[in-house]
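Following: one structure in structure tokens, then a few remarks.
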């Protein structure tokens, strides 16, 4: 097989940064903006849902979602996402990236709007409808992970590919920020328009009937950015790597990329035939050849993403409880429903602004300088350090006067998650596998991560409960407490650091070099993270 690369692929690899790169980032990134907005907005409104639908007459505290309902509302989108990552990842390799890409966004738009229209005569009916639509919302979101990463990696040049894929993922930061800001604005408007007494003064009057519109408006707003990019997504040409290496249509690949790059390209049909029919480029996902070449890589991408998401999502979901515990959000009986929502959103937005968003863009700036391996290793190490820094002197942080220090430390763990494994685990699977299974392998890696998110969000809802039965949330049994939960998260980060050594460095290399599609049958996989070869 020829050692030379196809002209059309080489043209993409060496292309200067052009307008089409930024267009692709925005089209793919808006999907992630919507993803993050939808997945994080639900964590903001759970306490409001408890007050609206689960008020108990005569109770000294406001209504809260029962544990099984809370787990379902928070977790059902994760289950949908996991299913969507596997299904659309596989479909993206079978039908092509572009053909499937519009479907995922359309599903997100319909499900976002439908989530806000969840109806029912009883609280159980409303929650069941909401969970049903959030599952399908997650299913659409799931498809966006493998497709956006694969499309961006296949469109990029090799010099700045990491930064481009990271920029797509970084739109999540803005989605989280938008979720907080929309919640602040909507709850602020309703709070001022419909004043209400605090819960301790008037338990029923503290939740105005109009509060039922607030959470619906917040959830439905997630469809707005998706609608804005739907047309552009449907008009995007198929990636040249899919068209040439998988669909084996050299003429179409050259024609599509000639328009995109605005240069004349030969179709090289004979060369495409030679590359795609070579025995070394025809092994499947469940073959011994794949296991030998990429088995360790797939183990590395799935385990690191799984461990990272256990830590990342467990932090997010008990974030608002941490704010309450350290006194940033007053006791819930001293606020009305909309005041509580407003304050939770304000605290979350501050964390996003200071810790979450900068971390994403640090990755964009440094990923093609430091490399994926270094950033992932550094991220896991620093997350471990900051988690232990929170856990060991936990009693110090919760005493009055030390709250700001706690928030700063907590913010840094998010910073190093995003300037670290939360970004790199998304980028690397889109670079190191062959084109014909690239989307599938990214989907498997992402689904493994989402399984970690399910463990983190479901498990820590129960685990983070106080060891003192008097301080346990209504409907929960005693847990191991926040301090011990932080120690467990630190343990996951240490394991993530160790499994990082299975993942090869892809900085500055073409996708074909990394996947082995450029070489004849080989006995070893591409160079490992430290420059040595990794026998499988």
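Heads up, the Cβ atoms here are built off N, Cα and C, so glycines get one too.
Owing to the predicted nature of the structure, the values given are computational and were not obtained by experimental measurement.
Feature annotation from TrEMBL assigns transmembrane segment to 19-40, 100-119, 163-190, 213-231, 350-367, 373-392, 404-423, 443-464, 485-504. Annotated domain 'Major facilitator superfamily (MFS) profile' per TrEMBL: 24-508, in sequence order. Annotation comment: TrEMBL describes 510-536 as region 'Disordered'. TrEMBL lists 527-536 with the feature compositional bias 'Polar residues'.
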Practice task
Grab the same-chain neighbours of the transmembrane segment (163-190) for me: Cβ-Cβ under 8 Å, and only residues 6 or more beyond its ends, written as numbers and ranges.
Solution key: 21, 24-25, 28-30, 32-38, 40-41, 44-45, 148-149, 152-153, 155-156, 208, 210-211, 213-214, 217-218, 221, 225, 338, 341-342, 345-346, 348-349, 352-353, 356-357, 359-361, 363-365, 367-368, 418, 423, 426-427, 430-431
Exercise for the section: Let me know the model's mean pLDDT on the domain 'Major facilitator superfamily (MFS) profile' (24-508). Expected result: 89
Fill in the blank from the handout: Long-range CB partners for the transmembrane segment (19-40) (under 8 A, at least six residues beyond its ends), listed in sequence order, are 77-78, 81, 104-105, 108, 112, 115, 137-138, 141, 144, 148, 151-152, 155-157, 160, 164, 167-176, 178-179, 182, 219, 221-223, 225-226, 228-229, 232-233, 236, 260-261, 316, 348
